[in-house]
Every structure is written in structure tokens, then in C-alpha cells.
């Protein structure tokens with residue numbers, strides 16, 4: 001309630017500028033590196049690697065955007081990724097767990113970690129910065145205890161396939177391309193267009209503001225082209241990465257959670273105006289608690305992905321992951337003070353970071369300069385957010 005009212009007062013141009021500016025920036029970055037790398041950036045193998053190598057960032061960014069919308073921050077996710085990764089590796093390598101049981105255990109451990117931190121933040125009242133800073137040290141230490149300073153490798157193929165595998169080509173090939181991947185792309189496009197039309201019909205029935213038919217057509221057309229282009233590239237490589245299906249489910253699920261549920265509206269309300277949310281009857285303590293439980297679960301999933309892709313658990317895993325996730329969220333348009341942000345924006349922000357990493361690596365840019373460039377991009381993204389807010393009459 002406190003977040004939707006200001007949005008309606010903003011000019012339509014300002015809203016579109018904020019929503020689509022980072023997407024335009026992503027397109028520009030892709031085109032730039034495609035030219036600089038002489039067409040190597042968008043080779044099918046590199047696109048596949050972009051998805052698999054950055055999946056952990058995108059998973060964490062989905063959880064982090066919820067945390068940041070609520071007005072908090074989580075500095076512990078990198079250490080949680082490492083600890084949960086160690087637990088899942090031990091479960092499959094030493095305890096003989098099947099892959100699905102190891103994944104379930106990882107999610108439960110992540111939820112417990114999130115509940116632990118959520119308790120101190122929501123019910124004791126300690127700032128999230130302090131609690132998660134302590135968590136960063138605690139869970140990194142527990143990772144070292146679990147791994148006793150060594151590594152755990154030799155994980156079963158059924159587990160490593162989660163982060164480094166592909167869907168089986170059960171539909172065969174069509175012109176030398178994986179038919180299943182092409183079919184999934186087509187189905188996704190149809191579902192996307194149907195969802196856009198259904199949303200528009202609902203807004204019209206409720207007599208609520210909505211974008212013009214031309215804007216909807218352009219937006220949907222660009223999305224359809226991007227999805228089919230991605231499907232075409234992947235179908236010519238090894239098919240659909242398993243982790244891409246996981247990401248698609250998470251993006252759809254969390255977009256629905258934030259936009260269509262009471263919990264999502266409460267998260268925005270708390271981040272937009274905590275006092276007003278409390279006066280409106282929002283159970284702010286429980287909402288904050290579940291925000292961090294959710295972050296723990298997604299950190300657990302990212303730990304599974306990271307460990308599966310690496311083929312083992314190492315004590316140094318997860319370092320700076322929290323910074324990557326936070327950067328992705330802010331680059332994606334989330335407000336520093338909370339109350340503003342979207343799942344899609346966080347994903348686009350994560351892709352910006354991923355494309356930068358891959359493009360600079362292909363160009364053999366030194367790792368130190370890569371870090372400096374990513375830091376500059378983050379600073380410019382936040383400056384852009386502040387400039388756009390002032391321009392549209394915000395605080």
C-alpha cells in the first residue's frame with residue numbers, strides 16, 4: 001500500500017526508463033563484447049557456460065532481492081554456500097545419500113541457518129548487517145571444521161549433473177539441433193504471451209492503469225525473440241542445462257510470490273515504510289523472519305549448484321558470493337533504502353555481471369582489472385538509480 005501509491009504518481013516515461021534502462025544496458029554490453037571478441041562471446045558453448053557458471057549468482061540474487069526490498073542485507077550467503085556445499089558433498093560421498101536426498105538435506109540446513117539469523121534479526125532486534133556479518137564468520141568456520149582443511153571430491157554423476165549437466169535429448173534431433181530444447185523455448189514463449197494477455201485482461205476488468213497495447217507487444221516480442229534465440233543456440237550445443245530449468249522455475253515462482261501474494265505485498269510495505277506497515281497490521285517480525293529463512297533456503301540451493309558444478313567441496317568455496325549477489329540486485333534497479341526491486345531486475349543485473357566476467361576473460365583482461373570494472377559498474381548503477389529517482393520526483 002505504501003509502495004504502490006508513489007509509483008502511480010510517477011510519469012509513465014520515468015517508470016519505463018527505470019524498468020528497461022538496465023535491460024538496454026545489458027543489450028549494449030552484449031553487443032559491445034560480441035564486437036570486441038570478434039563473435040566469440042555468443043558462441044553456443046560460451047552461452048552455455050555463461051548460464052552454468054553464473055547460476056549460483058542468479059539463485060542468490062533472487063533471495064537477496066527479497067532481503068533488500070525488505071530493507072535488510074545478508075553478508076553471510078557466501079559462507080552458507082560453502083557450508084551447505086560441504087554438507088551435501090559429505091552426504092553423497094561419505095553417507096551414501098542419493099542426489100535428491102542430499103539436495104533436500106541442503107535445503108533443510110539452509111532453512112535452519114536462515115531461521116537462526118532471522119530469529120536474531122526479527123525477534124531480538126539486532127541489525128541484519130551485524131547478524132549476517134557474524135554469520136559470515138560462523139559458517140565459514142563451520143565449513144573448515146566439516147572439511148578439516150581439505151576437500152571432498154569424487155561426487156556421483158547424478159549429483160554433479162545438477163550444476164554441470166543437461167536434459168537428455170528424449171525427442172531426438174531436428175536438423176542437427178536438440179528438439180527438446182527448441183520445444184521448451186516455444187512452449188515458454190507461448191506461456192509468456194498468454195500470461196501477458198491474461199494480466200492485461202485482469203487490469204482492464206479491474207479498471208487499473210496498464211501499459212499500451214504497443215508497449216506490451218514490443219516487450220513481448222523482444223522477450224520471444226530472446227528466448228527463441230537462446231533456445232536455438234543451446235540446441236546446437238548440448239541441449240538445455242538442468243540448472244536453467246531450475247532458474248526458470250525460481251524466476252517464475254518468486255515473481256509470482258512478490259507480485260501476487262500477501263507476503264510479497266508485505267515485504268514491499270516493510271521496505272517502503274516500516275512504521276506504516278506496522279500500523280496497517282502487518283506482522284513485520286514474522287515477515288522479516290521468513291525473508292531470512294527464504295534466503296537460507298536459496299543459499300542452500302546455490303551451495304548445491306556450486307558444489308555440483310565444481311565436482312567437489314572446498315573450504316574456499318563461496319568467497320565474495322555475497323558481493324556478487326548484492327551487486328546484481330542493485331545493478332538490477334533495487335533501491336538502497338528498500339521498498340523497490342524486482343526478481344527480473346536482479347536476474348538482469350546478474351547477467352550484466354556474468355557477461356562482463358566472460359567478455360573480459362575472453363579478452364584476457366587481468367583479474368584485478370575485472371574487479372575494478374565490476375566495482376565501477378555497480379557504482380554507476382546506484383548513481384543511475386539516484387539520478388532517476390530525483391528526475392521522477394522521488395526522495
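First residue shown is number 1, and so on along the chain.
Note: Cβ is positioned from N, Cα and C throughout, glycine not excepted.
Not measured: the values here are computed from a predicted model.
Record features (TrEMBL):
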type	residues	note
TRANSMEM	20-36	transmembrane segment
TRANSMEM	56-84	transmembrane segment
TRANSMEM	96-113	transmembrane segment
TRANSMEM	119-139	transmembrane segment
TRANSMEM	144-167	transmembrane segment
TRANSMEM	179-195	transmembrane segment
TRANSMEM	216-234	transmembrane segment
TRANSMEM	240-258	transmembrane segment
TRANSMEM	287-304	transmembrane segment
TRANSMEM	325-355	transmembrane segment
TRANSMEM	367-387	transmembrane segment
- Maximum Cβ pairs under 8 Å to the transmembrane segment (119-139) - stretch from the list 20-36, 56-84, 240-258: 56-84
- Query: Top stretch among 20-36, 96-113, 179-195, 287-304, 367-387 for CB pairs under 8 A with the transmembrane segment (56-84)?
  - Reply: 287-304
- Considering only the recorded stretches 179-195, 216-234, 240-258, state which has the highest number of Cβ pairs under 8 Å to the transmembrane segment (144-167). 240-258
- Message: Three or more CB pairs closer than 8 Å, sequence separation of 6 or more: does that hold for the transmembrane segment (96-113) against the transmembrane segment (367-387)?
- Response: no
- For the transmembrane segment (179-195), could you work out the same-chain residues 6 or more beyond its ends whose Cβ comes under 8 Å from its Cβ atoms? 167-173, 220, 223-224, 227-228, 230-232, 234-235, 239-240, 248
- Message: Please tell me whether the transmembrane segment (20-36) and the transmembrane segment (325-355) touch - that is, whether there are at least 3 C-beta pairs under 8 Å between them, with each pair 6 or more apart in sequence.
- Response: yes
